[in-house]
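*Asks:* Here it is, the structure, as structure tokens.
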Amino acid sequence: MSQQDSPANADHRRRHSSIVVDGPGKAASRAMLRAVGFTDEDFKKPQVGIASTWSRVTPCNSHINVLADAASDGADAAGGKGVVFNTITISDGIANGTEGMKYSMASREIIADSIEAVSGCEGFDGVVAIGGCDKNMPGCMIGLARLNRPSIFVYGGTIQPGAGHTDLVSVFEAMGAYSQGNKSLIEVKQIEEVAIPGPGSCGGMYTANTMASAIEAMGMSLPNSSAQDAVSQSKKDDSRAAGEAVLKLLELDIKPSDIMTRKAFENAITVVIALGGSTNAVLHLIAMANTIGVELSLDDFTEIGKRVPVLADLRPSGHYLMSELVAIGGIQPMMKILLDAGLLHGDCLTVTGKTLAENLADVTPYPTGQEIIKPLEAPIKSSSHLRILYGNLAPEGAVAKITGKEGTRFTGRARVFNSEEEAQARINDLTVAAGDVVVIRYEGPKGGPGMREMLTPTSAIMGRGLGDKVALITDGRFSGGSHGFVVGHITPEAFVGGPIGLVEDGDEITIDAENDIMTLHIDDAEMARRRAAWKRPAPRYTRGTLAKYAKTVSSASKGAVTDLPEALDD
């Protein structure tokens, strides 16, 4: 009896696709698939969905169609049938500083939803997801975790440096310098024209490179996937190898839940800290852990951060770009250093089918004399740059990125703004001055909605030369390219009645990153008076994507996810 004649299928690798294409009752399904190139033999193979985030809206993703085809070819060569489909991407770099940036965090959920929906509908047995821009990585991973089918993530790769060692953040900071009168429009345009030379994700240890590195450390990417140039043969080879590797995962029945364990998340956090990675990793890793059923909290970043140093001299706080780290071996040699020091769990399973320790056993050390990754005995910072702060301004926590260059303590007078646009106008017209604590509120997950990145304001502050003289705190978040004395993810957010919504102009605020405390210097009676007088503002959106997002999204301290049971029960 042929496979089409019988729904019974002994091949455990086809437990999903067999339901869709096997047996006489599925003739219509097979007819549809024949029209997109399936043959009789293809119906007998495991189907591998290739989730591509290709788009021409951003250079981060403009090459991913080539990588998706390579992954599909790899799946075919290994005995499967690759099927490419697309999900969305937006561009944080284009949208930053505009209302459109409110869609950025929502896009993470849309990516996850669409990967889950297409793969669940089509009956893919395994999935390769390929991401480039910031929200692609966690969006893809949340989608893969929900499906819990044999899967691999492929990073689209990093961009090359622009002329003069420039990148996207160079442009934002040039704009800030222009507002201060320190650069001419001609100088800004000269940087604008060369900073982004072609495809690939933003070049520093910003959010995209941070999350790609975290996913590799977690074991959900092939070794070295996070550290390859976007336009390179090695990245095409990585994509093809991922397609092949999914067939091995199907054979061994290794699923994301077997890899994304508590120890694997601890490995990811360790590598993020060692690389000096983005604050957004806190938000995204907590969201990914929530999806796969692993308990992870803000305090885990504090505990791990006590024993893990910052080793990488990478932008935005350091000097080098990801392409330069690629040239000396990527993150694998650093992971071997961390493993040998007892800072990584070597027994974690990975998508190679081997443990992390087995993957790292024969890694070549960094070349002698390189200055990008510092030795453990002489780190850039002896403990984490990611600080989790509490206090009467952030009873449920806040996230700061403190390298030490900007100091570890700041006291100043509050300059309060109820939107990013309000703050940006006052920074640009030079109203904001040294000694100020810029407070940007009603920019949280629900209040914004969408938890916009404050890259434009922080870049303007840096461009004015005030990086160590002005602090910025917000219930929004920051780009991986933000640096300076900045604290974000303040919870509870203003829109739900958090204390940041009670701050008034002129209030004294202290940010103490040594003791991880953020204090609004008013007494309890005054706090109570203000709380009694506070009224929640009307929602900014009542229809559409952002209204739905605001209704279902959780607190930033829980990863700003949209499928927590308590949100869905409302």
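Every residue, even glycine, has its Cβ placed from backbone N, Cα and C.
Feature list, courtesy of Swiss-Prot:
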type	residues	note
REGION	1-25	region 'Disordered'
BINDING	Cys60, Cys133, Cys202	[2Fe-2S] cluster binding site
BINDING	Asp92, Asp134, Lys135, Glu453	Mg(2+) binding site
MOD_RES	Lys135	N6-carboxylysine
ACT_SITE	Ser479	active site, proton acceptor
*Asks:* Would you list, in sequence order, the residues of this chain other than Asp92, Asp134, Lys135, Glu453 that have their CB within 8 A of the centroid of the site's CB atoms, where the site is the one recorded for Mg(2+)?
*Replies:* Ile90, Ser104, Met105, Cys133, Thr207, Asn280, Ser479
*Asks:* Taking the centroid of the Cβ atoms of Cys60, Cys133, Cys202 as the [2Fe-2S] cluster site, which other residues of that chain lie with their Cβ within 8 Å of it, listed in sequence order?
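*Replies:* Surrounding the site, in chain order, are Thr58, Pro59, Asn61, Ser91, Asp92, Gly93, Gly132, Asp134, Ile159, Gly200, Ser201, Ala208.
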*Asks:* In terms of DSSP three-state secondary structure, what is the assignment for Glu453 (Mg(2+) binding site)?
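*Replies:* Looking at the DSSP assignment, Glu453 (Mg(2+) binding site) belongs to a strand.
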*Asks:* Need the DSSP three-state call for Lys135 (Mg(2+) binding site) to compare against my parser.
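*Replies:* Where Lys135 (Mg(2+) binding site) sits, the three-state DSSP reduction gives coil.
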*Asks:* Taking 10 A as the limit, how many CB atoms besides its own sit near the CB of Glu453 (Mg(2+) binding site)?
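*Replies:* Its Cβ has 31 other Cβ atoms within 10 Å.
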*Asks:* Where does Cys60 ([2Fe-2S] cluster binding site) sit by DSSP, helix, strand or coil?
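*Replies:* For Cys60 ([2Fe-2S] cluster binding site) - judged by DSSP and reduced to three states - the answer is coil.
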*Asks:* Round to the nearest Å and give the CA-to-CA distance linking Asp134 (Mg(2+) binding site) with Ser479 (active site, proton acceptor).
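*Replies:* About 9 Å separate the Cα atoms of these two residues.
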*Asks:* With DSSP assignments reduced to helix, strand and coil, which class does Asp92 (Mg(2+) binding site) get?
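*Replies:* Note: Asp92 (Mg(2+) binding site) is helical by DSSP.
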*Asks:* What number of additional C-beta atoms lies within 10 angstroms of the C-beta atom of Cys133 ([2Fe-2S] cluster binding site)?
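*Replies:* That number is 28.
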*Asks:* Would you mind sorting out which of Cys60, Cys133, Cys202, Ser479 (the recorded positions) have a C-alpha within 10 A of the one on Glu453 (Mg(2+) binding site)?
*Replies:* Ser479
*Asks:* What does DSSP call Cys202 ([2Fe-2S] cluster binding site) in the simple three-state scheme?
*Replies:* coil
*Asks:* Return only the integer: C-alpha distance in Å from Asp92 (Mg(2+) binding site) to Cys60 ([2Fe-2S] cluster binding site).
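*Replies:* Just about 10 Å between their Cα atoms.
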